[in-house]
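Right, one structure below, let's go through it.
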Amino acid sequence: MSLMLEPNPTQIKEERIYAEMGLTDEEFAMVEKILGRLPNYTETGLFSVMWSEHCSYKNSKPVLRKFPTTGERVLQGPGEGAGIVDIGDNQAVVFKMESHNHPSAIEPYQGAATGVGGIIRDVFSMGARPVALLNSLRFGELQSPRVKYLFEEVVAGIAGYGNCIGIPTVGGEVQFDPCYEGNPLVNAMCVGLINHEDIKKGQAHGAGNTVMYVGASTGRDGIHGATFASEELSESSEAKRPAVQVGDPFMEKLLIEACLELIQSDALVGIQDMGAAGLTSSSAEMASKAGMGIEMYLDDVPQRETGMTPYEMMLSESQERMLIVVKKGREQEIVDLFEKYGLAAVTMGKVTEDKMLRLFHKGEMVAEVPADALAEEAPIYHKPSQEAAYFAEFQQMKMETPKVENYKETLFALLQQPTIASKEWVYDQYDYQVRTSTVVTPGSDAAVVRVRGTEKGLAMTTDCNSRYIYLDPEMGGKIAVAEAARNIVCSGGEPLAITDCLNFGNPEKPEIFWQIEKSVDGMSEACRTLQTPVIGGNVSMYNERSGEAVYPTPTVGMVGLVHDLKHVTTQEFKQAGDLVYIIGETKAEFGGSELQKMLHGKIFGQSPSIDLDVELKRQKQVLAAIQAGLVQSAHDVAEGGLAVAISESAIGANGLGATVKLDGEATAALFAESQSRFVITVKRENKEAFEKAVEAIQVGEVTNTNEVTIHNEENEVLLTANVDEMRKAWKGAIPCLLK
């Protein structure tokens, strides 16, 4: 590979070799202007990865600026490895979500595993100890053998990495829709805890300070991974397996412990993960953020393959590597510290004052580029945006209630839809109890992890109903944030902030860019109303296969603060005789619903609507009632409507059922997906206090009959279902489809 002669600057220009690396003609002309000369092969490589959408957000920056990113608890917003939010008592929570979609489509096990590894490094590079992992996954329909393979391997990859490294995977979501068949989405989220004084930044301050490389050695895996993530998948993508990195969770476990010990040392100046674009992004970004330059000697890079060129070393995305800056003269302490963990720490450069990134190899300077040009000065594009053709058509459709003959059969069929069915097959492969801090395990509205040494907990969830967002990006964007907050509140937490993972098709298509703009508008409005700022995130574009885009899927990862663990609330019924309440009104809203998809095989019409002020009021009332000790169980009403929510609360309990009376047209009462609704149970003696605190309607009570019976307002039975049979259908659906 490396014995081939690299093309010279003139050949790069004349033969348009830069275009193969992902640069446009205009961008190459900009590079020429910045340097005042033609770039060589290595320099062209540096610009091509740093100016890719994946690293520069050149197509999405104008949209991302709409997000609210500040708040009284926000200690670090977007721009560093991960965002940080204050949780009181000198402690803070650090969290971020990232995508690993393209690699997972091609090499699902390693693609998913290294996605987990990368997001963990983003969190501990801030100085935090990772305490929990979540994920948000999208696949095609499980009837397809290829989808089964991708699903099984992605879950195995997440489990393999998370379990080995000893961080519990506590929650997440999995949804299935035909549009993800060729392009699955794998979004991984990591949550960590930190004391305020331990917060570190990825900045290279102090001229003369030493640049060191720590962790695993560099190979040829993942070269141009960032560029690969910035183009559409095609048949030829299979050939890009080398662009998928290979992870080693045991190496990463050692790296976490070594870095967390390093962070206690005053020798450390700055630290950054070598993620997308490897050594290039970590060095250029650390220099640029500090207003400094960096010189690096590439002969000193630990290499696990022979004859690597500067281009290959700079663009490799080998895993489990960090770049650190330490005070001059303190290098040996760092070497000794890492040696204790069996890890390499080598000096490979120094911080300079002139803002240049200079690379040397075999005694020659092989690249000289302004650090800011790579990190900050990528061109920004305001892409044309055009309302999707389908949108007006869907908006004009009048709301129709699907025809349902047999309510019980329909409920059982919904419980067996893979998007609604139990995800136990998934999370049983994850060790969600390791570190013994998990208070609420997977399967409820949000996971809860205790904050050791305090009475507090962290509630966390990932949410996004991409069908709603496809039908109406702005409304759907509001709903994604609101549903995440609703899940946090149902678990007894106060929503704090979000991280987002914006998964979309090709932004060069005006209709796709319109989806991006509108959904971000909706999310931003919801974040402002619910006071949950965006503290970081990730953009994943070009999620298309053969020109067909996935649904717009801006996933929301939210963390909330449980002020006292005695407030922790779960969705399952607690005891017979408790009263069942519903909060929120039900309308005949079926656009994008599970029922619509099940009956028609497609989605159409208007998405459910949401009033954010009403949402906020209800969330505040529910949280106050939970904190006052008035609530036995709480569950948000989502996919499948009230019938599914009530059934899930019964399935999670032991031997309990419920008798409930619902007003209005039966199909809507049972299965509509109207927003801002909760199913709450309350002890009989708390009835008066609860009704004073919360606007809710009592609809029935919890029974010990092991049956769910739902009546209409005339008291006619709409359905009676045995809870054991429902549980069997709900739990057995995914294993059955995988056989």
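Placed from the backbone N, Cα and C atoms, the Cβ positions cover glycine too.
Since this is a predicted model, take the numbers as computed values, not measurements.
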Annotated companion of Y57, K96, G537 at the ATP site, Swiss-Prot, chosen from D472, D500, D578, D611: D500
Maximum Cα-Cα separation (Å), residues Y57, K96, D500, G537 listed as binding ATP: 17
E317 (substrate binding site) and D122 (Mg(2+) 2 binding site), distance between Cα atoms, whole Å: 14
Count of other CB atoms lying within 10 Å of the CB belonging to D273 (Mg(2+) 2 binding site): 29
Alpha-carbon distance [G537 (ATP binding site); S99 (substrate binding site)] in Å: 9
Spatially closest candidate among Y57, K96, E98, H100, D273, the listed recorded positions, to R121 (substrate binding site) (Cα to Cα): D273
Those recorded positions listed as H54, K96, H100, R121, and which of them has the most Cβ atoms within 10 Å of its own Cβ: H100
Length of the line joining the Cα atoms of E317 (substrate binding site) and D273 (Mg(2+) 2 binding site), in Å: 11
Candidate with sparsest Cβ neighbourhood (10 Å radius) among S99, Q319, N538, the listed binding-site residues: N538
From recorded positions H54, H100, G537, N538, the one whose Cα lies nearest Q319 (substrate binding site): H100
